[in-house]
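Worksheet: the structure to be examined is printed underneath.
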């Protein structure tokens with residue numbers, strides 16, 4: 001694994017009991033072949049195996065859950081949920097994971113998927129796709145941190161292409177304007193409400209100082225004490241680009257609605273975070289989720305289900321990789 005994927009901040013997250021949320025989903029035509037019972041006969045213990053592996057991984061490496069959330073989003077928003085972000089660069093191709101914006105994706109998230117794949121290959125060889133493993137692992141890890149538990153339709157195939165050049169313009173940047181954010185999500189078929197709900201993933205995890213350093217010295221929209229604390233924490237970020245701070249400084253290891261409460265208090269870390277509470281189109285949704293965690297969990301679950309169906313490959317559109325970081329055919 002590339003060395004940049006292993007350089008991660010050292011802090012401990014707190015796991016909380018999962019909250020259950022049951023809801024229905026209308027599956028779009030492009031993902032009609034996906035079903036929660038897809039592996040019922042071919043690998044009946046798939047969900048238990050993934051859950052066991054990622055639970056152990058999260059306990060030993062508490063940044064795993066937030067990393068998996070980011071990894072899943074970065075995969076799905078670039079060419080669909082097909083595990084293309086897991087592919088390693090080789091002599092013939094520079095893969096997605098080596099695009100500049102993906103260099104900071106946490107190694108623990110990649111490792112969780114690889115471990116689950118290894119366990120499943122021993123139990124059900126050549127059966128479960130890496131794309132399905134990533135979708136299940138993300139759901140289970142969110143639940144471990146106290147977030148909602150939702151059904152995950154399965155049957156995705158792993159994609160046959162992964163190119164770093166395809167990443168640019170498909171993922172939100174921390175300094176994006178709200179107009180640009182809304183346009184990007186709309187191009188993927190997501191509403192403003194779904195965008196704000198998905199942004200709630202920032203209630204866990206961390207951001208590197210270089211992503212928000214410009215804000216903390218011009219902090220008109222940030223709580224002054226928060227900005228000054230960040231100035232101290234990030235004092236040496238130029239020399240050490242691995243320095244990072246929690247996205248949610250209040251409950252960093254718990255998946256809850258604190259992210260939205262923080263935005264209202266001037267404790268938003270990124271420019272794009274603050275934009276959500278500053279823009280008249282999205283502020284009412286921030287207010288809703290800050291006041292009502294159940295509404296946030298409901299809408300986050302629905303948005304995650306929709307995200308997990310984005311651009312999925314089925315049938316001959318993809319393959320079930322033997323190893324998540326390599327195509328079965330080197331020249332695919």
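Quick reminder: no glycine exception, Cβ is built from N, Cα and C everywhere.
Pulled from TrEMBL:
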type	residues	note
ACT_SITE	74	active site, proton acceptor
BINDING	75, 78, 80, 82, 84, 96	Ca(2+) 1 binding site
BINDING	172	substrate binding site
BINDING	202	heme b binding site
BINDING	203, 248, 251, 256	Ca(2+) 2 binding site
DISULFID	43-124	disulfide bond
DISULFID	76-81	disulfide bond
DISULFID	130-324	disulfide bond
DISULFID	209-234	disulfide bond
DOMAIN	33-328	domain 'Plant heme peroxidase family profile'
SITE	70	site 'Transition state stabilizer'
Which of 84, 203, 251, the listed binding-site residues, has fewest other Cβ atoms within 10 Å: 251
All-chain count of other Cβ atoms within 10 Å of residue 234 (disulfide bond): 20
Sparsest-packed of the listed binding-site residues (75, 82, 248) - C-beta count within 10 angstroms: 248
Between residue 81 (disulfide bond) and residue 130 (disulfide bond): CA-CA distance (Å): 10
Residue 76 (disulfide bond) as reference: those recorded positions from 43, 82, 84, 172, 203 with C-alpha within 10 Å of it: 82, 84
Sequence-distant neighbours of residue 209 (disulfide bond) in its chain (C-beta under 8 A, six or more apart): 230, 233, 234, 237, 241, 243, 244, 245
Neighbours of 203, 248, 251, 256 excl. site residues, C-beta within 8 Å of centre, Ca(2+) 2: 204, 250, 252, 254, 255, 257, 258, 259, 262
Segment confidence, the domain 'Plant heme peroxidase family profile' (33-328), expressed as mean pLDDT: 96
